[in-house]
Amino acid sequence: MVSWPEIINLAKNGKRVVADSRKVKKGDIFVAIPGVRIDGSVFVLEALEKGASYIVSKNKKVLKRVGSKGIYHPNPSLALGELAKAYYFPRGQKLKLIGITGTNGKTTVCFFLEHLLKKAGFKVGIIGTVLVRWPGQEQKSFMTTPDCLTLYQLLAEMEKTGVEIVCMEVSSHALSQARIAGLEFEIGVFTNLTQDHLDYHKDMQDYFKAKSKLFQQYAKKAVLYGDCKWGKEILTQFSGEKLSYGFHHSNDFKVLNYKLFPEKIKATFQLRDKNIALELPFIGKYNLLNVLAAMGVGEFLGILKENIYAFESCPPPPGRMELVNNEQGLGVIIDYAHTPDALENVCKSLKELPINKLVVVFGCGGDRDKIKRPLMAKAVSRWADFAIVTTDNPRFEAPEEIIKDIIKGFSSEFKYLVEMDRKIAISKGLNMLGKQDILLIAGKGHEDYQEICGVKYPFSDKEVVFKILEENNN
Ligand SMILES: CC(=O)N[C@H]1[C@@H](OP(=O)(O)OP(=O)(O)OC[C@H]2O[C@@H](n3ccc(=O)[nH]c3=O)[C@H](O)[C@@H]2O)O[C@H](CO)[C@@H](O)[C@@H]1O[C@H](C)C(=O)N[C@@H](C)C(=O)N[C@H](CCC(=O)O)C(=O)O
Ligand SMILES: Nc1ncnc2c1ncn2[C@@H]1O[C@H](COP(=O)(O)OP(=O)(O)OP(=O)(O)O)[C@@H](O)[C@H]1O
Ligand SMILES: N[C@H](CCC[C@H](N)C(=O)O)C(=O)O
Ligand SMILES: [Mg+2]
């Protein structure tokens, strides 16, 4: 039987590593991952039939049947990371990695960082919910954090083309499933932790445990949101170099004062002993936190001071508090808020502007956390003047049932209507707009599809707005 160091050496010398039996080719090393739906050990025979030369598994019964080609590893997900690292980075990882985790703000911080680091002269790559991008390359994303092998493949490709630093979103699913196993992160960022994904994580403590792995197992330095108990807990536990940020005066990097305008924010920050006033080209008070997170990373990399004004030309990511400019002069905003906290923050930020009525079109995703549905409605009803409840991505759930869960969160006096067809819902919202009113279309942001029963139908909130306005014009 081959030993673990021997198999690592084989991977270093170009022996392919796969975790999906459908992709096995002759000579590959197949790693059987115990998945959420199914145990990869079920596919060991298929992998062998396709010519796999080695099987890595923790299932001793299966390994007994495999014989000399079998290799026992107590944690196949970690084994996959080690093998992927050996295969894709045989001479070690040279790329600097920045990992961003948290319920909300990962994509935004990632985009802000890309902008800052480019200005500082780095060759930067980003990996996240909206896209994967590095100089000369851009691909649409299918996951926030890709599976382990896809991730390593991307990173290796980036390194080959001269990328020096990669900022990537690290979801709690990725941390639980060890998709980043074997990678070393120069800096980890924690943006916040609020209700989401309780379909996957047992409770908030379990969700936090997944998030905090980034700091316990992977990151050398930490940039931490210090205004919540979860951030404070990581701050206390983390033994490496760390920096906290937030609105509270106890943080290392903080907001001293700010003023929100319909298309920008003017703010003064205190960065340890230095104060700086900036005019930022986006809206949403919480985006001040996302800027601080990016500043914290800049500080650790030693490039913040010379490049701080980069934030004054930093556009928000697509579908995040995106103003839909239109000839009719209607106030329309598209945002990716799909959690109670995000909706609370977005609606509150909009109501802080000098506006009249706030109308919100939103729904909730199917096959995801059900507990958050009435809480999202509650957040909307606290700040909005009217809501139109519609479909998001129903996936395999009945839209009527999702909507039933949502409307349980509205108080009896709150005014809303239900319109299942998202296009008609948006159209109804647009028709309600008067002078200085705002229509917030929440939940799908940059997404260009609506997923119903396993089929992704083309649907972009932004394009739909333009289409309706054009139809109304004719
Ligand atoms: C719940 C979840 O995260 N599931 C992910 C997980 O699937 P799984 O554990 O169910 O895998 P499985 O289907 O049981 O298969 C187990 C193993 O058997 C292998 N297999 C499977 C079938 C076969 O014929 N042969 C075979 O060898 C699989 O390759 C796998 O290694 O591992 C798969 C392979 O890496 C992922 O594609 C899959 O993501 C699904 C599609 C997904 O929707 N994930 C979402 C929830 C997610 O991860 N989202 C986060 C963002 C969350 C946020 O908003 O923060 C993300 O990072 O994208
Ligand atoms: N720092 C923040 N605090 C609270 N809410 C935020 C923050 N940043 C962004 N949001 C809200 O969360 C939404 C999603 O933001 P973003 O895409 O940056 O987060 P994310 O963590 O990448 O989300 P996902 O996990 O879905 O990829 C935004 O559209 C906004 O409504
Ligand atoms: N990454 C998140 C995105 C949710 C976006 C929302 N549009 C939905 O479909 O619920 C998830 O997969 O839970
Ligand atoms: Mg994201």
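Backbone N, Cα and C atoms are what each Cβ position is placed from, and that goes for glycine too.
TrEMBL annotations: computationally assigned, not manually curated.
Model confidence over the domain 'Mur ligase central' (100-297) stands at 97, taken as the mean pLDDT rounded to a whole number. Among the features that TrEMBL reports, domain 'Mur ligase central' is placed at 100-297.
Counting only same-chain residues six or more apart in sequence, the Cβ atoms lying under 8 angstroms from the Cβ of Lys106 (ATP binding site) belong to Ile100, Gly128, Thr129, Thr144, Glu169, Val170, Ser171, Thr191. What TrEMBL records for Gly102, Thr103, Asn104, Gly105, Lys106, Thr107, Thr108 is ATP binding site.
Lys211 (N6-carboxylysine) falls within a helical segment according to DSSP. Counting every protein chain shown, the Cβ of Lys211 (N6-carboxylysine) has 24 other Cβ atoms within 10 Å. Residues or ranges marked as N6-carboxylysine in TrEMBL: Lys211.
The feature meso-2,6-diaminopimelate binding site is assigned by TrEMBL to Arg368, Asp392, Asn393, Pro394, Arg395, Gly443, Glu447. Remark: Asp392 (meso-2,6-diaminopimelate binding site) has His338, Phe362, Gly363, Cys364, Gly365, Gly366, Ile402, Arg422, Gly443, Lys444, Gln450 as non-local neighbours, by Cβ distance under 8 Å and separation of at least 6 in sequence. According to DSSP, Asp392 (meso-2,6-diaminopimelate binding site) sits in a coil region rather than a helix or strand.
Taken from TrEMBL, the feature motif 'Meso-diaminopimelate recognition motif' applies to 392-395.
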Position of peak Cβ density within 10 Å, selected from the binding-site residues Arg368, Arg395: Arg368
Candidate nearest Glu447 (meso-2,6-diaminopimelate binding site) in space, where candidates are the recorded positions Gly102, Gly105, Thr107, Lys211 and distance is Cα-Cα: Thr107
Arg368 (meso-2,6-diaminopimelate binding site) and Lys211 (N6-carboxylysine), Cα-Cα, nearest whole angstrom: 18
For the binding-site residues Pro394, Gly443, the one whose C-beta sees the most other C-beta atoms within 10 angstroms: Gly443
Inter-residue Cα distance where the pair is Thr107 (ATP binding site) and Pro394 (meso-2,6-diaminopimelate binding site), in Å: 23
Listed in sequence order, residues with CB under 8 A of Thr107 (ATP binding site) and six or more positions away: Gly128, Thr129, Val130, Thr144, Glu169, Pro317, Arg320, Tyr336
Residue among binding-site residues Arg368, Asn393, Arg395 with Cα closest to the Cα of Gly102 (ATP binding site): Arg368
Chain-internal residues near Asn104 (ATP binding site), provided their CB is under 8 angstroms and they sit 6+ positions away: Thr191, Asn192, Thr194, Tyr286, Ala337, Thr339, Asp341, Ala342, Asn345
